[in-house]
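Chemist: First the structure, which I've put down as structure tokens, then a few questions once you've had a look.
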Amino acid sequence: MSWYPVSPAPTPEPARPVVSATAVAQLKNDLGLLTGKCGSSSTKPWPCKRDSPAAAPGPNKTKVDGELLPALVGLTRASPNLRQKLMGLAETWHCDLHDKDIRVGPRVELWLASFPSGNTAMAAVAPPASAGGNSKAPSYEPVLVPAQGGALLSPPTTPPKKNVHAHGGSVTTTKATNLYSTSSSPTPAKYSTAGPAPALPSPPATLYHQGQATTSGALASGAQTEATAMRQLRARLGLGSLDCGSGKKNNPDASCGCPSAGKDGEIDKLLVPLATLKLAVPDLTDLLDQVAGKWHCHLHAWGHYKADRVARWMTFFPTYDVPVSATDVYKSASGLRKLLGLRDWTCGSYLKKCETNADPLTGPRCGAQSMPYRKGDRHKAAVDGILESLAGLTRASPGLWAELVKLARKWHCESHPGVVYAEDRAREWLALFPGGPLAAAITTTNLFDEAQMRIKELLRPLSSQCPVIAESTGKRCQKPIAGRNMRHCDNLADEIARLAVNLDDEKLKVSLELLDLVGRCSVHNKLDAAWVARWLAQIRDITRNLPRAAAQVGPPSTPALQSLTEFERDIYSRSTPSGHDESPLRIVDRSDEPRDHESISQRVTSKWREPLTKEEQAVEWGFLYAYTVKENPKYVKIGYTSRDVATRHIEWQTACDRQVAAAYPVDSKDAVLVPYPRRVEALCHAELEDCRVRVACGPCRVQHEEWFEVSGKVAVDVIEKWTARMVKNPYGMV
């Protein structure tokens, strides 16, 4: 008897069981359809953001949810007509600009990677038994029938095989795991058609767990190739499309739609160890950091943008480490590093000080690079030494609190160096150690220093805008306060904190009245007695429990012997800034972009070919400028303005209280008017991205991201080059 394949086209497709809403929702999530956007990337290097016609209620949505998606549940890439079904789904889902065959093809290829490989066995699904009770289990593979007639034969089945678990014992699994199976099997199916329809399930908890052969969603099963694992990992990490995907500065929940700067070859080299589960545990965070740096666009390839993306990716690797007992994790330096969350090299400090002495404030954390990451091996060695000294300690250990505060101060970035932030972080860490009550473990080594720090945090303005609530509108004034006045406020706060212990209420009240007046705009220059009284009560609450010994070793008592008028005149003159700020710039972050010619060329080419954005088109004409500030000649700020360059310099000099030294143009009369100055600025920044630094400005309370560690000549050459090219109107829109 001979056998030959018969095309399944004439044979009607067997009845499929009812597919659960859970399976459809999971498939919809994996195919990237939950956003409700078209998502086609065939005509541009980023996905189309138009609404899909199948996202809104209507016939298209009914067709997708009730017909097309259920028909895909349980299929593999070896299933016949899979590509045709995906083509039909893409044509229905895409907008009217991308619903043609040439537009849906790339999306279908991307979707195919979400399905199991052709080598994965397809489980047969039996329809409901008929009255005769003699139904056969249909296969979704091409049916083989005997040439001379006879009964249909189902594909041969492979007996279950036992796999030895990595930690002992054995688990029965099928020979080839089917992630999209519609049948019940020892290995859980990813899209199961059985059971009720609960909410959309979260990704498998052990998605990329090493050595767990029975985990649903495991990438490295024996039947899957490395390429398949790579595509699935890309899809899970959100690297299937060609956009950057980083969270934005003002809205972390929104993702950047700029084209990714990553080259497929470079990204794949970094992903291979993850996709094939050959990665050593300590390298995971560093490797993900490299992936984020390579993938993000030039605006988001550094600092907290990478840290936030890595933090999201880390949730896909919840069990990548060797399990450690909760009672033993604090006994080793490596266990403590994991326990205290010191693996991703970000600061992690709370962005606001803790309001109570009980629990740390919950809320957003700083994503800047930690001091050991920025300062290098010496700081890393210091942190390692502290972790070694903490190993094995409990809350009952006498030196635990002091060591935790020391560790936090060594770890936090330059924006959060104070003891207030360190103690808030130490309280959080202390709760992770066993043994003894929390209150008994907290000891303060220098109460006077702590009081000073808390008074400074209380009195220093958080913003450079006027804090007064306008009576006419009921809203905050928000008029800008000059940088010189902001420095005056900081100096007054420091003086008050230094002298608060030894001052009586009258002199302390006079100091606070000066601070209140200096920190207001010219319109709201009236004293707020209620505000001053509230400050006074809070300061006395901070200093009330200080022992007399702390007061005796504090600052000299000369101000306490002065008359009220002399004291007011003296503290005002000592706190008034004498000139522009000439201190070194506070560098809180540096770009880690590579400085080789190929990387620079790639960044610039990507930005040059990118269409003008709406924001760039909004400013049709303007000027480029570059300047340095006094005593900081090695740093250059590059920006643009649609007004006179000299006017912009004066505004910045007033807000930041730094003396500007123009590098380009030296004379504002020589400024060159260029079309779309925002694009010229972006091109200059892209070329110098590897030299970018982030500067924390004290007077204006802003972290400036347009500073570059280059010479003035280099900055001028870059500006002149891109200005000359943009004057030729390469985008043809002016």
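The backbone N, Cα and C atoms fix where each Cβ goes, and this holds for glycine too.
Pulled from TrEMBL, these are the listed features:
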type	residues	note
REGION	38-62	region 'Disordered'
REGION	158-225	region 'Disordered'
COMPBIAS	170-187	compositional bias 'Polar residues'
COMPBIAS	209-225	compositional bias 'Polar residues'
REGION	573-604	region 'Disordered'
COMPBIAS	579-600	compositional bias 'Basic and acidic residues'
DOMAIN	630-722	domain 'Bacteriophage T5 Orf172 DNA-binding'
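Burial and contacts for the listed features, if you can.
Modeler: Counted with DSSP, the region 'Disordered' (573-604) comes out as 11 helix, 5 strand, 16 coil.
Shown for the domain 'Bacteriophage T5 Orf172 DNA-binding' (630-722): DSSP residue counts in helix, strand and coil, namely 40 helix, 31 strand, 22 coil.
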Chemist: Tell me, what is the mean pLDDT of the domain 'Bacteriophage T5 Orf172 DNA-binding' (630-722)?
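Modeler: When the pLDDT values over the domain 'Bacteriophage T5 Orf172 DNA-binding' (630-722) are averaged, the result is 93.
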